[in-house]
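Visitor: Would you mind keeping the following structure in view while I ask a few things?
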Amino acid sequence: MHELSLCMSAADIIREQAEQHGIARVTDVWLEVGALADVEESALHFCFDIACRDTVAQGCTLHIDVIPAQAWCWDCSREAEIMQHAGCCPHCGSERLRISEGDDLRVKSLEGE
């Protein structure tokens, strides 16, 4: 379950940002999760609650935005949306793809008081 380590890293980022911006209590957090991040949403919610325990983000509302994965094709030099790690370019059929977006998790924004 790599969700816990991802959430621990996100909690560190949230704590740092809250400290930098003078936020005493985080009320909402938006995470951007790539479609190829291999993250289970229910596990992410569970682990996020654990990671934020005893921090400024404890009890905050977690919002998850799933973003599509993008890959760059080395053969036709075009960007394409992909649904799996091992795929083919929808433009030319090549398997020479480099994932450029959508395989990670990011703290998109947070709100607090």
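Cβ atoms are placed via backbone N, Cα and C, with glycine included.
In case it's useful when we look at the structure, here is the feature table from Swiss-Prot:
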- H2, E3: Ni(2+) binding site (BINDING)
- C73, C76, C89, C92: Zn(2+) binding site (BINDING)
Visitor: In Å, rounded, how far does the Cα of C92 (Zn(2+) binding site) sit from the Cα of H2 (Ni(2+) binding site)?
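Guide: Answer for this pair: 34 Å between alpha carbons.
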Visitor: Between C73, C76, C89, which of the binding-site residues has the fewest other CB atoms within 10 angstroms in the structure shown?
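Guide: Looking at the binding-site residues C73, C76, C89, the Cβ with the fewest others within 10 Å is that of C76.
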Visitor: Which whole-number value in Å describes the distance between the Cα atoms of E3 (Ni(2+) binding site) and C89 (Zn(2+) binding site)?
Guide: 29
Visitor: Using the CB centroid of C73, C76, C89, C92 as the Zn(2+) site centre, which other residues of the same chain sit with their CB within 8 A?
Guide: W74, D75, S77, R78, A80, P90, H91, G93, S94, R96, L97
